[in-house]
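To start, the structure itself, in structure tokens.
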Amino acid sequence: MQTLNRSNRCLKLRSIQSLVRLNHTKSTSNTPLEDSHSARTTSFGFRTVPEDLKESLVKNVFDSVASKYDLMNDATSFGVHRLWKDTLVSSLRPGRRGPMKCIDVGGGTGDIALRILDYAKDNHYDRETTVEVVDINAQMLKEGYKRFKQTMYHNTPQISFHEANAQDLGSEKFKDNSYDLYTIAFCIRNCTDISAVLKEAHRVLKPGGTFACLEFSRVSNPLLETLYDQYSFTVIPMMGTILAGDRDSYQYLVESIRKFPPQPQFAQMIRDVGFTTGKDVDGGAWVNQWGGIACIHTGVKL
Amino acid sequence: MASQSSSRLLKLALPLVKTHGFTREALSRSVLTLPSNEQHAEPLSDSAITALFGRGDFARRTLIDAWLEDGLAHMASESSDANGGATPAKKATIRDVLRARLKYNEPVLAHLPDAFGLMASSGFHVVDPLPVLEHAARIADRACYTTGDRSLQLEWYAKRASVAAVYAAAELHQLTSPHTTYAFLDSLLDSTSNIKATLGEVGLYSEYVFKSWKGIIKSSGILPL
């Protein structure tokens, strides 16, 4: 039954992707209507899609991969994504100067939230730090909620799950100047409007609050880049087929990494919305992980 | 714009070194001294300090570098003040400039051994003296520049090396015996000029001896005239 459901989801995704390809083909014609339509397009992996369609496409991708998301992350990165997430959290040192109010956007499966709470507890005896996990995808939140049931944080004020769009969290629920720490890991590249996400982050953070983003990025070493390209375009989609029965979703995930802006450009985008960053070097505005395969960008709202 | 903001915080953190040392605490408290319309209610969090100035001791090194850089600017301004806005004809001397730099150390003297220790630690439990030597060399170079030194070629290096050695010794003395620092600096500068004069005389005498021997050899017919 589950297999059938997954097949249905894949079929749905594929049919939407066919539609996308059709739209994309159409948008190359010269009629004024279609020109205005193509003016509001965005990337969906290597394809160009209308902006308003990307959100549902990405939602379908994550609906499709939610149940196997962590397994696939482990398989495709040989567990390295855990090290990167550990590095992100340990560099932020939550709880060092007392309890923090944190928001983890796009953190459905609760990977970062759990690390933040554990770090604060284990290193600073802090059981007052709170994390609000936000995700646009209910399936991913469900996975996170399920995982937290196994922990001591379940049913405590330390953790809560919210379904919301990173581009517009909603000022009713997520008030201005209310968080000490905003984290977003492996999510922002899937958003239609990255600047809108950054603006929302700036809005909800308190003055002095920190924005931290862990995301795949650009590899600086040409040899490593070639190896990485070969691996990600051949092995990862194949693993997606074998382990999750879904090649297209993993093909999209790999393509979306290549479409994400390189480190200096993303650092500038962070500054453009009002954050202050360190210098534009590795170890300043960003810290490369494994030669730039992933990267931690940080900024401070002053 | 962003780096301007972090440089601004660094500048604001410098006066806090006196009370908080070269620490992340000094950096985090810099936002409390912003103008009232931008002032923060509480110090910056540790994660914010990491984001702006780097992890752990990297942030402290950034603060030390900013303090050293400010010290170089201070040398020029203090030396011209000491001369009452000296005219180009009456430039500050090396003595004035080095005194000004040593005076700049005074408020944070208690924290300097810690700062030099951090500068000399490479992170692999190996002492690296290069950053400390570089610090003395930069001060010597700035002192020579401020005083309008016009040495060329080998003398350029010799002059800077001797000033750097004098300053390094005076600063080391300042850490252990702050009250006698200026007298010690003066004695070092005097002995350096004595050494220089002695070396100059030795050079002149050697040249005289060499020329004399050359004349004797030529007159004896061994060398062609």
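Using the three backbone atoms N, Cα and C, a Cβ is placed for every residue, glycine included.
Those TrEMBL annotations? Automatic predictions, nothing curated.
Going through A:T109, A:T151, A:T156, A:T183 against TrEMBL, the one listed in the S-adenosyl-L-methionine site together with A:D135, A:N165, A:A166 turns out to be A:T109. Taking a C-beta cut-off of under 8 Å and a sequence gap of six or more, A:D135 (S-adenosyl-L-methionine binding site) has these contacts in its own chain: A:V105, A:G106, A:G107, A:G108, A:L141, A:G144, A:F161, A:H162, A:E163, A:A164.
Note: A:N165 (S-adenosyl-L-methionine binding site) has non-local neighbours A:E55, A:I136, i.e. same-chain residues 6+ apart with C-beta under 8 A of its own C-beta.
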